[in-house]
Amino acid sequence: MEEITNVMEYEEIARQKLPKMVYDYYASGAEDQWTLKENRNAFSRILFRPRILVDVSNIDMTTTVLGFKISMPIMIAPTAMQKMAHPDGENATARAASAADTIMTLSSWATSSVEEVASTGPGIRFFQLYVYKDRNVVAQLVRRAERAGFKAIALTVDTPRLGRREADIKNRTCKICKLHSVLLSQLCFFSPPQTSDSGLASYVAGQVDRTLSWKDVKWLQTITSLPILVKGVLTAEDAKLAVQNGAAGIIVSNHGARQLDYVPATITALEEVVKAAQGRVPVFLDGGVRRGTDVFKALALGASGVFIGRPVLFSLAADGEAGVRKVLQMLRDELELTMALSGCTSLKEITRSHIATDWDPPRSLPSSKL
């Protein structure tokens, strides 16, 4: 494999290596895929305002998330069925995250169990959760995650129904579901449907609870002492409700643009959510991050860190654990360089004044005296 110089290059390698059905499942978005493109394009409309003549000989990228110290504000988002990308699947991702001293979030639809991931060695891990109609299933999953040493629950709240992913419908992705979730199959819960649509849509429609509401966030707090991150917030209104209902943190996410098309890019929605949270809980960004410059922009807009999803899947497909390690290292190196060139030596020094967005009011220049 020739030298990889940036995260985006892994996607083309993955496209060539993976069966079309699998690549499409990982890469596609909902309907017209406008939000999928916008998740990337919106970053390009944010420009830097670098400060010069700052001593940047020592740069500190360490941060703390829910009390856990990590090496950088770049973490791994939950992505489903990673063994479709590589035989080692989530276990390889867990080892790479641990080596990078950062957090991995394991999907409810993982192809490795929480116990298997825990057995890969030490590491800070969160567990992503959907709320199913059968609350006993939810309670079992949470208890298993707790016993396996997972440190937080990332509750996904933007999926009362599955978005319309037309690539999956064309590919009849019900065949993919035969690589079904280890976690759910072990609970005798998951049976891949044989239908004319994407298959996955029918499964979700049948099992995920459409009545999910804020009262269920409260209920979840009664069955676990783990902090709960609410994943899928895009508005100030919901950010305020998340805080009021006891969320330990908020993840600004549009589900990788796989749910409702024509919602804003997460980087566009971020600042509104941060302002509404008023510093009472940390706010994280998930979606579209492909460069260290993207990470810096998110931090400048108030994020406490970012989660990456597809870059992990594509690098895993291309080169297994080594690929995921390389992605994390490249993003770390790019963030460090961006901080140096912007005149920031620690994350707390990254401020809103370091960027200019296309929604900012025009800056007034001081008038000069003649």
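Here the Cβ of each residue, glycine as well, is placed from N, Cα and C on the backbone.
According to TrEMBL, the feature active site, proton acceptor maps to HIS255. As annotated by TrEMBL, glyoxylate binding site applies to TYR25, ARG165, HIS255. Per TrEMBL, FMN binding site is recorded for 78-80, SER107, GLN128, TYR130, THR156, LYS231, SER253, ARG258, 286-290, 309-310. Taken from TrEMBL, the feature domain 'FMN hydroxy acid dehydrogenase' applies to 1-360.
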Neighbours of TYR25, ARG165, HIS255 excl. site residues, C-beta within 8 Å of centre, glyoxylate:
SER28, GLY29, ALA30, LEU162, GLY163, ASP168, GLY256, ARG258
How big is the gap, in Å, between the Cα of ARG258 (FMN binding site) and that of ARG165 (glyoxylate binding site), rounded to a whole number?
7
Taking the Cβ of ARG258 (FMN binding site) as the centre, count every other Cβ atom within 10 Å, in any protein chain shown.
22
Of TYR25, ARG165, HIS255, which is closest to PRO78 (FMN binding site) if I measure between C-alpha atoms? They're all recorded positions.
HIS255
How many other Cβ atoms sit within 10 Å of the Cβ of GLY309 (FMN binding site)?
22
Among PRO78, GLY288 [binding-site residues], residue with fewest other Cβ within 10 Å:
PRO78
So what's the average pLDDT for the domain 'FMN hydroxy acid dehydrogenase' (1-360)?
91
